Amino acid sequence: MQRNGVVECSVCRSRLVVPSPRSVSRAYDKHRSKISSKFRALNVLLVVGDCILVGLQPILVFMSKVDGKFQFSPISVNFLTEVTKVVFAIVMLIIQSRKQKVGEKPLLARSTFIQAARNNALLAVPALLYAINNYLKFIMQLYFNPSTVKMLSNLKVLVIAVLLKFIMKRRFSVIQWEALALLLIGISINQLRTVPAGNTAFGLPVTAIAYIYTLIFVTVPSLASVYNEYALKSQYDTSIYLQNLFLYGYGAIFNFLGILGTALFQGPESFNILRGHSRATMFLICNNAAQGILSSFFFKYADTILKKYSSTVATIFTGLASAAFLGHTLTINFLLGISVVFISMHQFFSPLAKAKDDKPAELLELEDTQNHRSSESSFVNMTAGAAEDASHRIGTDERQPLLPT
């Protein structure tokens, strides 16, 4: 049980402070170096699945347009996507609860649900940011072709790296920062002369509107991803399906509020969430739901950087598929940009590029623990379990509660 930043052992009632963002990041790095072959296979499956789903998404959006416009409300697609993910989370929770062992706290118990809801209340923040980002995905399709949208989304990697450094205290080596710079260069090469000049929208040049949407399109989901990763890993003991239920539930609420707002401005007829939908939009909803579910596994069991680099690989699939099925031309800029992107990926994930701490990981963990205990000494001394805290032996499972087994 967690109270006031302190975790209480359910067996001996001793207390330990909650790990800091830096210790969460270091725990993941330590685990990654000792990762099993089975978990590596899981990562490969996650990356492959993410490449396929992310690559298909802009193509399905393009196929959903009629005469270059959407006949349906993008907010309705986002709402139906969140509802689909909520249903999936409920089904998986029921399946997981039936496989629980005797003596384990039931997942579907009211007390478990209420406590988990309190501990994961911060998931409402990334849910709101995701709701905004999902709407922007459709807006971006009005200004760029599918492969260009994917290349623009890769800008999130640099923003995410900066956010990880300041929010989760992740360390990146100079080589890794250079790899991110190469990624930006590759994207810039692909973006040369992609926006036609002379067109206007909302009274402003298309380029200006596109740049504004691009800035929001890159910043909002990056902040949501990092915040989501921290929220999921900080409550690692909570079932991922229960956490997803809260995240998707918040998302459904925010998108439904968006539908209500649209109905107030455009009239009651716009409240029909199924108006203008086709078979392509149904595939789009399923694809978006699968992306969201897969992303939660990335954030909890891997990290956001791996998720975004796997999305970068999807750029090739998107470019080739859009050329084959939609008639788009693969320019030399696109091919050169993709080459630089892959060089960046190889450099970033190279073993020689990994950042190393000046001190051993065990010593740094000991220092973090001592600093936390010093700051919380007054609280610990006031509790009846202070003596037990000094004698309680911490096992491997308790020392690293944020890592998958």
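Cβ atoms here come from the backbone N, Cα and C positions, even for glycine.
Note that this is a predicted model, so its numbers are computed, not measured.
Under the topological domain names given by Swiss-Prot, Asn43 lies on the same membrane side as Lys105.
Comparing 44-64, 75-95, 172-192, 245-265, 323-343 for CB pairs under 8 angstroms to the transmembrane segment (122-142), the maximum falls on 245-265. Tertiary proximity for the topological domain 'Lumenal' (266-281) is limited to same-chain residues at least six positions away from its ends with a CB under 8 Å from its CB atoms, namely 60, 63-64, 70-73, 76-77, 79-80, 259-260. Most Cβ pairs within less than 8 Å of the transmembrane segment (245-265), among stretches 44-64, 75-95, 172-192, 282-302, belong to 75-95.
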